[in-house]
Amino acid sequence: MGVLLDVQEVFQISDSHAGLLQTVFIGCLLLSAPVFGYLGDRYSRKTTMSFGILLWSGAGLSSSFISPRYSWLFFLSRGVVGTGSASYATIAPTVLGDLFVRDERTRVLAVFYIFIPVGSGLGYVLGSAVTTLTGNWRWALRIMPCLEAVALILLILLVPDPPRGAAETQGEGAAGGSRSSWCEDVRYLGKNWSFVWSTLGVTAMAFVTGALGFWAPKFLLEARVVHGLQPPCFQEPCSNPDSLIFGSLTIMTGVIGVILGAEAARRYKKVISRAEPLICACSLLATAPCLYLALVLAPTTLLASYVFLGLGELLLSCNWAVVADILLSVVVPRCRGTAEALQITVGHILGDAGSPYLTGLISSVLRARRPDSYLQRFLSLQQSFLCCAFVIALGGGCFLLTALYLERDEARAWQPGTGTPGSKDVDSNDLERQGLLSGAAASTEEP
């Protein structure tokens, strides 16, 4: 939130309670994501997304009028914003999956995921700029709903609501298959090992992203103190230029990484049917040593630490669009919304919801056993960060396991009676090019 300090001052919110704003947001997003996934698989996705945009923009606008006496209402509004955001996060990728296929879908997903880091960064910039121009932080919360209203109008006027599986059947909708219950969809996804292992890989990515986003600016600040570039800060507020540097680095590496990952997947999956999970695995396995070097070199050379940290973030960002494409290719259209919701929920609960706390807990345990000095505080945080390198390597292993099951699960998603095209609707030459016609596909029973 670009106006967090102003919000804390007006509502008299301490740092510990300010952290609850994000906890409330994430918590409501997690609780509502499965609900919107269920609705998106059964009802009009365009209407559901429109409702979600109205919900979060309305909550954001109304929060700008809350009196300082009712701080609990501000927390509640953040929860409603998270609920509205869940609708878009779970449903939008499934709509794109039904509007585009193959190379076009990869490119469109890349554009979609590029705007996540860009939008996050612009939110901070625009919020700060509006506050500076108007002299009132509340106007930052009033400008954002105007932009969201424009997005809602564009969604209603320009975005179609295609039948599920429309891209695979050239716009005719999914053939065959009766409507299943939510429990049946979950059981199907639990047996879809490509989905299971890729979700665990995404969870590892979320774990590291959450820990970096929360602790990296503080880690870099303490590294500057150790190098004598900045005096230590023993009393809040502390000036930390590394927050802006790290934020800018995240935006740049996010944009470049998403483009590189999507383009590599688009090119290599034409010659290697398992290219997408292999790209994810290689990028995560390469991220692990980059993060390790960024951490261990920080006390020696700060420049090298920045370089390896940026390279690690770049490699990490290569996967966001690719993992979305994997999900859309291995899950039948009738339950892609539920699949997106479960992946978001598991990724947040086991990933970024707990990684900042776990990293801080390890740091505190290490500090308790050492002399109380600024250097030891820095070294404790540095060593607690090493768990991220280990977790991201495990994520690479999960994507290697995804590659083992990819072709089988893609073939299952195309079988008749699963809510996807029947064999008579599928071009066998296209299937051969995608590696979906194999002996394993012919002998595999429908889940």
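Every residue, even glycine, has its Cβ placed from backbone N, Cα and C.
Taken verbatim from TrEMBL:
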- 1-412: domain 'Major facilitator superfamily (MFS) profile' (DOMAIN)
- 20-40: transmembrane segment (TRANSMEM)
- 47-66: transmembrane segment (TRANSMEM)
- 72-96: transmembrane segment (TRANSMEM)
- 108-127: transmembrane segment (TRANSMEM)
- 139-159: transmembrane segment (TRANSMEM)
- 195-216: transmembrane segment (TRANSMEM)
- 244-265: transmembrane segment (TRANSMEM)
- 277-297: transmembrane segment (TRANSMEM)
- 303-328: transmembrane segment (TRANSMEM)
- 385-406: transmembrane segment (TRANSMEM)
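Of the ranges 139-159, 277-297, 303-328, 385-406, the one with the most Cβ pairs under 8 Å to the transmembrane segment (72-96) is 303-328.
Contact counts against the transmembrane segment (195-216), taken as Cβ pairs under 8 Å, peak for 303-328 among the stretches 20-40, 277-297, 303-328. Sequence-distant contacts of the transmembrane segment (277-297) (same chain, six or more residues past either end, CB-CB distance under 8 Å): 194, 198, 201, 204-205, 208, 261, 264-265, 268, 304-309, 311-312, 315-316, 318-319, 322-323, 326, 382, 385-386, 388-390, 392-393, 395-397, 399-400, 402-403, 406.
Averaged across the domain 'Major facilitator superfamily (MFS) profile' (1-412), the predicted model reaches a pLDDT of 83.
When Cβ-Cβ distances below 8 Å are used as the criterion, the transmembrane segment (303-328) is approached by residues 93-94, 97, 105-106, 109-110, 112-113, 116-117, 194-195, 198, 201-202, 205, 208-209, 212, 216, 220, 223, 245, 249-250, 252-258, 260-262, 264-265, 276-277, 279-280, 283-284, 286-287, 290-291, 293-295, 297, 336, 339-340, 343, 392, 402, 406 of the same chain, each at least six residues removed from its ends.
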